[in-house]
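A.B. asks: Encoded as structure tokens, here's the structure I'll be asking about.
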Amino acid sequence: MVRIAIAGAAGRMGRQLLKATVNSEKAALGVATERSESTLIGVDAGELAGIGNVSIAIVDDLAKAANDFDVLIDFTAPVVTLANIELCKQYGKKIVIGTTGFSEEERVLIDLAAKDIAIVMAPNYSVGVNLVFKLLEKAAKVMGGYTDIEIIEAHHRHKVDAPSGTAIGMGEAIAGAMGNKLSDVAVYAREGITGERTRDEIGFATIRAGDIVGEHTAMFADIGERVEITHKATDRMTFANGAVRAAVWLADNQSGFYTMQDVLGLDDL
């Protein structure tokens, strides 16, 4: 049984992760953390998640609970995640990262940490989204050279980063399949007289509204036809279940940088 720690347990994803961990047949909840100023310190994690008492109280010091978990799942903020990575390095723990919005410099730090500990990092832990990434690679190889490629994503009003990590992941999958680097071909905003689009650019459009859990569409548009590959999430539990699955998988692997493609074995398709 893999003992899991949940960082940011009181957040929207944190509560779903608590449920997914407790409901898993292969994992057990070992630790649940929150910020030191949180009024929820000391509250039972199960009560917080609405699943009843689990005899695990919310704590504010992950280091003091280092003996109580094997893998940390972190869906928080870049500054918090980077600090938790250092803690995992110090105590020889493994980490599943669902946080998005890292800078290129911060991504380098994560890559370096993977030389010492095992890390799974993905922009999205849904099985369906990760299958979409693979489908996009296939579509880009067949259609990318002669179509206009656009990515449209929609999320709830509270999401703080844009485009979403999943949208960027879609762009990276497409660009990589075409032998390009996303940063060289991405267009994140259009306004005013922009002129005609170039053939090689990948455009992004972002919607923030209401309570949309997550919707992503990649469009390959030609004259006379277009192909759209879409994923719609209606419940955050799909992300939480995928993250717990990744944590269980990671427990059996050595130091290195892994993605959900590795967890699901999609690289073999």
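Every residue, even glycine, has its Cβ placed from backbone N, Cα and C.
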A.B. asks: Name the residue, out of Glu25, Glu34, Glu86, Glu137, that Swiss-Prot lists for the same NAD(+) site as Gly8, Ala9, Ala10, Gly11, Arg12, Met13, Gly98, Thr99, Thr100, Ala122, Pro123, Asn124, Tyr125, please.
C.D. replies: Glu34
A.B. asks: List every residue in the same chain as Lys159 (active site, proton donor), at least 6 positions away in sequence, whose Cβ is under 8 Å from its Cβ.
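C.D. replies: Residues satisfying the criterion: Arg208.
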A.B. asks: Whole-number answer please: how many Å between the C-alpha atoms of Glu34 (NAD(+) binding site) and His155 (active site, proton donor/acceptor)?
C.D. replies: 24
A.B. asks: What does the structure give for the C-alpha distance between Arg35 (NADP(+) binding site) and Asn124 (NAD(+) binding site)? Integer Å is fine.
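C.D. replies: Here the two Cα atoms are 24 Å apart.
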A.B. asks: List which of the recorded positions His155, His156, Gly165, Thr166 have their Cα within 10 Å of the Cα of Thr99 (NAD(+) binding site), in sequence order.
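C.D. replies: So far as Cα distances go, the recorded positions lying within 10 Å of Thr99 (NAD(+) binding site) are Gly165.
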